[in-house]
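Taken verbatim from TrEMBL:
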type     : residues                                                            : note
BINDING  : 7, 350                                                              : Mg(2+) binding site
BINDING  : 14, 174, 175, 176, 177, 178, 248, 249, 250, 296, 297, 298, 299, 300 : ATP binding site
BINDING  : 57                                                                  : substrate binding site
ACT_SITE : 114                                                                 : active site, proton donor/acceptor
SITE     : 146                                                                 : site 'Transition state stabilizer'
SITE     : 207                                                                 : site 'Transition state stabilizer'
Ligand code: ADP
């Protein structure tokens, strides 16, 4: 099967061409201001002859979409109705789909949702403790994101350990520009740190993650900030960026090495938040077979992995300093042999997972 994958983000378009589950071409277009134009470029430049299907990453699938879905007009309408829940993402995803349908009208198009993997989260985790009627009327619930990555990485972790994914409990830590943690029991998501939007949970490059919601009221009432300004503050000027001025972990690590106090504090706030989710999900899962780091920070930043799991020996969680610090790439164990839980690094590959899920749906 030959599958084109399109991942249209707010500022970039990632694409990949796959033949029978193997990557044959791909690329990243950055600083995109016109997603439609970027998708046109991809379709003009890539070898799109004899495509069996196109897999699109769609960020928000609401409560409805729990599996990859063949796109028709009705599905497009449903994704459009979800725009208020993902105002930065769903519109660009929709743009990409519309251009691909126009340019390659005979090719089946499949939506793979970031939220889908989390539809197995039970109500005790999915519900916010607010008036249930208000919540229901307004679709207020914990949807979760990065699902394609958590699904792929948790399955690869089980395979790395030589185990059946259905029998393994994993805490996956996707630490990229956006960051989220997920508790995976036997291959199914049972809790995740992002909620209604990708703002909740871990400290991120420029997003705050968890804060007291009263901060919003306070900034509005007392500081006179508009909701737009607070939205911008929490999404664009918070996280590492807010704490020390740099949103890129490479820069934070470099400054911390030089003794920069703000960078060190930003690092500590970031890693302690990760540690708190690991502890929480450990308690929730009861038995944890593996803890796995992925995405730009998780795959590359050894100091973040070490600090996030420091002093957890009483829980059996140990990071081997030499393994963690080695220049090795690819899927690997960074805990001592035989340690339980295992600590792993597994590079994520969302485009490959989208290609495989698309091919699987089309093969049915
Ligand atoms: P996205 O969430 O946009 O897919 P990535 O998963 O590629 O992003 O993560 C990007 C982030 O990863 C960068 O902003 C940077 O902070 C971090 N990163 C990338 N390489 C390194 C590295 N070698 N060391 C530390 N952090 C890194």
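From the backbone N, Cα and C atoms, a Cβ is placed for every residue, glycine too.
Remember, predicted model here, so these are calculated numbers, not experimental data.
Ranked by CA distance from residue 248 (ATP binding site), the recorded positions 7, 57, 207 have 207 at the top as the closest. The separation of residue 7 (Mg(2+) binding site) from residue 250 (ATP binding site), Cα to Cα, is 25 Å. Checking the recorded positions 146, 248, 299 for a CB within less than 6 Å of any atom of ligand 1 leaves 248, listed in sequence order. Nearest neighbour of residue 146 (site 'Transition state stabilizer') by Cα distance, taken over the recorded positions 114, 175, 177, 299: 114. Across the structure, residue 207 (site 'Transition state stabilizer') and residue 177 (ATP binding site) place their CA atoms 9 angstrom apart. Cβ neighbours of residue 297 (ATP binding site) (same chain, under 8 Å, six or more residues apart in sequence): 175, 176, 179, 249, 304. The residue listed as 'substrate binding site' has 7 nearby among the binding-site residues 7, 177, 299, counting only those with a Cα within 10 angstroms of its own Cα. Secondary structure from DSSP puts residue 57 (substrate binding site) in a beta strand. The sparsest Cβ neighbourhood within 10 Å, among the listed binding-site residues (14, 57, 250), is found at 250. Sorted by the number of other CB atoms within 10 A, the binding-site residues 7, 177 start with 177, the lowest.
Of all the Cβ atoms in the protein chains shown, 27 others lie within 10 Å of the Cβ of residue 114 (active site, proton donor/acceptor). According to its DSSP assignment, residue 350 (Mg(2+) binding site) is helical.
The separation of residue 7 (Mg(2+) binding site) from residue 14 (ATP binding site), Cα to Cα, is 5 Å. Annotation: 350 carries the greatest number of neighbouring Cβ atoms among the binding-site residues 248, 299, 350 [cut-off 10 Å, Cβ to Cβ]. Cβ-based neighbour count (10 Å, all protein chains) for residue 146 (site 'Transition state stabilizer') stands at 29.
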